[in-house]
Each structure stands twice: as structure tokens, then as C-alpha cells.
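Annotated features, as they stand in TrEMBL:
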- 602-615: compositional bias 'Low complexity' (COMPBIAS)
- 589-615: region 'Disordered' (REGION)
- 106-123: transmembrane segment (TRANSMEM)
- 143-161: transmembrane segment (TRANSMEM)
- 173-196: transmembrane segment (TRANSMEM)
- 216-236: transmembrane segment (TRANSMEM)
- 257-279: transmembrane segment (TRANSMEM)
- 299-318: transmembrane segment (TRANSMEM)
- 351-369: transmembrane segment (TRANSMEM)
- 389-408: transmembrane segment (TRANSMEM)
- 420-443: transmembrane segment (TRANSMEM)
- 521-549: transmembrane segment (TRANSMEM)
Amino acid sequence: MEAVLQTRCLLSLPPNPTRVRVRSLLNPSQGLKQRLFASKPLGLSGLSLSYKEVPSFVAKPNGLPPKGKNFICKAEAAAATDGQPLFGETQKPKFLGIELVTLKKIIPLGLMFFCILFNYTILRDTKDVLVVTAKGSSAEIIPFLKTWVNLPMAIGFMLLYTKLANVLSKKALFYTVIVPFIAFFGAFGFMLYPLSNYIHPEALADKLLAVLGPRFLGPLAILRIWSFCLFCHLSASLYIHEIFSAEITTVDEAKRFYPLFGLGANIALIFSGRTVKYFSNLRKNLGPGVDGWAISLKGMMSIVVLMGLAICFLYWWVNKFVPLPTRSMKKKEKPKMGTMESLKFLVSSKYIRDLATLVVAYGISINLVEVTWKSKLKAQFPSPNEYSSFMGDFSTATGIATFTMMLLSQFIFDKYGWGAAARITPTVLLLTGVGFFSLILFGDPLGPTLAKFGMTPLLAAVYVGAMQNIFSKSAKYSLFDPCKEMAYIPLDEDTKVKGKAAIDVVCNPLGKSGGALIQQFMILTFGSLASSTPYLGGILLVIVLAWLAAAKSLDTQFTALRQEEELEKEMERAAIKIPVVSETRNGTFAGGSLLNQSAGDSTGSTSKTSTPSNN
């Protein structure tokens with residue numbers, strides 16, 4: 001990498017240099033720049049002097065060039081490939097090729113990602129155990145919980161966060177957000193859960209259920225186990241790493257190290273899965289009459305609190321000992337698009353419409369299968385400890401699969417292209433979804449065959465559903481998300497910005513809540529989740545087929561835009577010609593050869609370098 005000392009001067013040099021090349025930069029926003037690159041370093045270490053003639057373009061009566069010529073000179077210091085420091089500047093200490101200042105930021109940030117995702121996995125597995133296996137509840141509570149608890153509370157939290165951000169400093173805001181989380185989870189394990197029999201209105205819920213009927217089991221369970229539902233929402237809202245990472249890293253550091261954080265996140269998933277399984281199996285070593293799940297919950301919440309305190313310490317340490325990057329006061333505002341405006345924009349663009357279909361279809365599909373699977377999981381593992389132990393294995397397998405898929409994703413993109421990568425996620429969902437619903441609907445005839453492998457149709461459905469969730473989530477993180485972001489690249493800036501805004505306003509909420517709304521309608525219509533399973537399977541099939549069709553259509557458009565972009569670049573390269581002007585001995589200028597130059601080429605041609613003589 002070349003570093004240029006900003007030292008410029010005017011010199012009077014011999015009037016007849018043999019050859020001068022004049023190069024015009026083609027970027028109009030940068031103007032005309034004259035650069036010289038010395039062929040050999042002279043004088044001070046890495047320092048050389050070079051000159052370039054700037055001829056006058058005012059015509060003289062006799063046709064001769066002007067008598068006086070000005071030459072621009074500049075001192076250039078090339079940073080050597082062996083890490084030689086700039087002239088007058090000390091080299092920053094490095095370790096393994098990375099500056100120590102950068103390591104002081106990246107290592108704590110990586111540890112923080114690990115701690116938060118470790119906690120998030122424990123909390124995610126625990127919330128499923130709490131709300132699904134609780135007395136008077138089932139997996140039917142999940143769609144109602146997402147719509148009537150998570151969504152309103154998420155909106156309220158964001159409004160509160162926005163208000164706090166306007167009155168608190170960044171550090172105060174961080175502690176204000178994370179400390180209540182830590183306190184709640186610690187209090188839940190040691191206070192709220194042991195007192196749940198006293199604070200939950202089970203008698204009132206039973207009376208309402210007797211009046212309204214069993215189809216209202218899901219919504220009434222929210223009232224019955226309100227503290228578990230609060231735990232469920234807060235465990236899904238732990239996104240402190242997004243606040244922290246945006247503060248301490250530059251864009252270049254993020255591009256370089258965030259892929260490594262993604263791999264580290266899945267390592268955290270593996271370790272947290274093992275932790276959940278360890279505490280869930282403590283029940284086997286306890287005596288009769290002991291609430292094994294309460295003991296397991298205390299152990300896991302203790303780890304969550306310790307990890308939370310570690311996050312606070314890392315944040316304090318970085319703010320105390322690491323120089324943070326300065327931020328520009330000018331903020332780039334995103335276009336504010338309302339729901340109707342977003343819908344109009346989605347309808348007007350086929351490309352954005354297909355991309356929106358991908359986002360909505362994933363959110364609905366994963367919810368349709370996940371809730372049905374968890375209902376079968378409870379039937380197979382009714383005990384909280386058994387359910388939690390299985391979820392520990394599930395999280396570990398998800399981490400391993402995602403880690404492997406992230407390593408393979410680059411090969412898939414390079415070998416098979418964007419279209420194949422975009423179709424892998426819906427294909428996985430389709431194949432595993434068909435197998436899962438087939439085992440539920442037609443499991444009895446397969447019973448004798450499955451018995452030979454030591455499985456019942458229910459256990460087989462649980463395993464196939466687990467495979468569906470594992471592979472679909474790993475494909476989503478490693479392929480679907482990158483494909484979605486890559487699809488924006490060839491668009492013009494206006495379409496890109498408005499398309500993202502429209503998808504954020506309409507498609508993300510619709511994808512997250514669409515599956516829950518469909519399930520609520522089915523449960524209230526047919527009486528239970530089990531009765532609506534055939535219809536859910538049919539809806540899943542239609543949605544995934546629409547997803548595959550949109551991915552195929554988007555692939556055609558994406559490829560055409562990319563080819564058009566490459567063609568434009570080739571035409572620019574072919575059309576650009578830079579003249580080389582030489583000066584003869586008698587002082588006249590003659591046209592030289594034409595050089596084809598790329599508009600983005602920053603190296604240019606090397607000009608004649610003057611070697612000062614020591615007389």
C-alpha cells in the first residue's frame with residue numbers, strides 16, 4: 001500500500017525533458033490530477049522526488065512552446081511491503097499482522113458476541129420449555145403469544161428505547177437496557193418460578209376455559225402463565241450486541257471481522273446446547289419429590305446472570321482503555337415510507353415483489369412447521385427436564401450444521417451461482433416439511449416398519465421435524481440471508497433504498513406474524529392444532545411452491561442485471577483511450593500511441609523521473 005507525503009513545491013528544472021506523459025482522470029467528480037511514481041527510492045528511506053511538466057495551452061505567435069515551464073514536484077514515500085513505517089512516523093505495534101489497537105476492540109467484541117448468543121440460546125430453549133410444558137398450556141399458545149404479547153411489547157420497548165436514547169448518553173443507555181434484563185432473569189430463576197403457583201391465576205383461567213371451550217386454550221394460557229410469557233418475550237428481545245458493536249468498530253473492521261463473529265456465534269450455540277443438556281439431566285441424580293426443573297432453572301439463570309455481568313465488564317473495559325472511532329455528526333436518514341406507500345412500491349416493481357415473496361414465505365413457512373413440531377415434541381417429552389434436554393441437543397446440532405454450511409456457502413455461490421443458493425432453503429423446507437406432515441397424517445401404516453428401527457411414528461415425526469428446523473435455520477443463516485442482501489446489489493440506488501424500506505415496513509412483520517395469524521385462524525376454526533394439521537400442510541406446500549417460483553423469477557432478473565452491469569463495464573473499458581503526448585528535441589509536441597485505460601484504474605502510467613545530480 002502506497003502512502004504519499006503531502007509535500008508539494010515548484011521547481012525550475014532543465015527545459016527539455018525527453019518525454020512527458022499527460023494523464024487525465026476520467027472521474028469528473030475528482031477533477032484533473034497529475035501523479036508521478038518514482039522508480040527508485042532516493043535520499044531518505046523510501047523517499048524520492050519526481051516531477052511532471054504542466055505545459056501552457058496558450059498559443060504563441062511563433063508556434064513555439066512557452067519559454068518558462070513550471071514543474072510540479074511532490075515527495076512520495078512508499079510504505080514497503082516489509083512493514084517499513086512512513087518517514088517521521090513510528091509503526092504501530094502488531095500481533096499476527098493485526099494492530100494491537102484493533103485487537104483491543106475486536107477480542108472484547110468477539111467475547112461479547114459469544115456471551116450474548118450463549119445466553120440467547122439458553123433463554124430460547126428455556127422459554128419453549130416453560131410455555132409449552134406448563135400445566136394448562138401447550139404449543140397452541142405460541143401463535144397467540146407472538147401476536148398478542150411479543151408484538152405489542154416489542155413496539156412498546158422500541159418506543160421506550162427511542163425516548164431513552166434522546167436523553168441518555170450511549171454508555172448510560174447501554175447499562176439502562178441490559179441491567180434490567182440481567183435482574184429479571186436472575187429474579188425469575190430464584191423468585192418468580194418458585195412462586196408461580198401463587199402468582200398465576202389458574203382458577204380464573206379454568207373458569208374461563210369452561211365457558212369458552214377448549215379452542216381458546218391458547219389465548220387463555222397467556223393469562224394462566226403470565227410470568228412465563230413475560231420471560232418468553234424478554235428472552236427474545238436480547239439484542240444488546242447490536243447497540244455495542246455499532247459503537248466501537250469502523251466499517252473496515254466490521255467487514256473484516258464480522259464473518260468470524262458469525263462462525264464464533266455458532267460455536268457459542270454448540271456450547272450453550274451442551275450446557276442446557278447438562279443442567280436438564282440433573283434431575284436424574286435428585287431424589288424423589290424434588291422439583292428437578294426448578295434446580296435446573298436456577299443453574300441456567302445463574303449462568304445467564306454471570307454472562308450478563310461479563311458483558312457489562314467488557315463494555316466498561318473497552319470504553320475505559322480503547323480509543324473509539326469518531327463518528328460523523330451528519331446522519332444519513334432512511335426514507336420514511338408508510339404502509340400504503342410501501343405496498344404501492346412493492347406492486348410497481350416485479351423485482352422487489354419477488355424479493356418480498358422470499359422474505360414473507362420464509363417467515364410463514366418456518367412458523368407453520370415449528371409450532372406443529374413443538375406440539376409433537378411435548379407429546380413425546382412431557383417432562384420439562386426431558387423437553388429441555390432434547391432442546392439442548394437441538395441447539396448443538398443447529399450450531400454444528402450452521403457452522404458447516406457457512407464454510408460451504410462460498411463454494412456453493414462460486415460453483416452453482418446465486419440461483420441455486422437461493423433455492424436451497426425452500427427446497428429443504430419442502431422436502432422435510434412433506435416428510436414431517438406425512439408422518440403425522442399417515443404414521444399409523446408406517447408403524448410396523450418404524451418399529452424395526454426402534455421408533456414410533458411420533459418419535460419419527462419429532463426427529464424429522466427437528467431436522468427440518470436445523471437444516472432450514474442453517475440454510476437461512478448461511479445462504480438465504482446472503483442471497484437476500486446480494487439481490488439488492490445490481491439495483492439503482494433509488495430502487496435499492498426504497499425496496500429495503502418497503503420490505504422492512506411490510507414484509508418482515510408480515511412474515512413473522514403471518515404464520516401465527518394463519519395458525520390462530522385454524523385453531524379457532526377447527527378447535528385444535530392437531531385438527532388443523534392437514535390444512536397447515538397444504539398451506540405450507542402452496543407457500544413453498546410460490547417461494548420457489550419467485551426465486552426462479554428473481555434469478556433470471558438478477559442474472560440479467562448482472563450481465564448488463566458487466567457489459568457496461570466492458571464498454572467503458574473499450575471506449576476509454578488516453579493519448580500519450582511526447583515532446584521532441586526541437587520543442588514541438590507529437591502525438592504518441594493511445595493507451596486503453598480503465599476508468600477505475602488508479603495506477604496510471606509511470607512518468608519520467610528526474611534523478612538529481614550531486615555536483
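Cβ from N, Cα, C; glycine included.
For the transmembrane segment (173-196), the neighbouring stretch richest in Cβ pairs under 8 Å, chosen from 106-123, 299-318, 389-408, 420-443, is 299-318. If you look at the transmembrane segment (299-318) against the transmembrane segment (106-123), you find at least three C-beta pairs under 8 angstroms, all six or more positions apart, and that counts as contact. The stretches the transmembrane segment (389-408) and the transmembrane segment (257-279) are in mutual contact, each linked to the other by at least three Cβ pairs under 8 Å (pairs 6 or more apart in sequence). Stretch with the largest number of CB pairs closer than 8 A to the transmembrane segment (143-161), among 106-123, 216-236, 257-279, 351-369, 420-443: 216-236. When each of 216-236, 257-279, 351-369, 420-443 is scored by its Cβ pairs under 8 Å to the transmembrane segment (521-549), the top-ranked stretch turns out to be 420-443. Counted over residue pairs 6 or more apart, the CB atoms of the transmembrane segment (257-279) and the transmembrane segment (106-123) come under 8 Å in at least three pairs, which marks the two as touching. Residues 358, 361-362, 365-366, 369, 372-373, 376, 409, 412-413, 450, 457-458, 460-461, 464-465, 467-468, 471-472, 475-476, 479-480, 482-483, 533-534, 536-537, 540-541, 544-545, 547-548, 551-552, 554-555 of the same chain sit 6 or more residues outside the transmembrane segment (420-443) yet have a Cβ under 8 Å from a Cβ within it.
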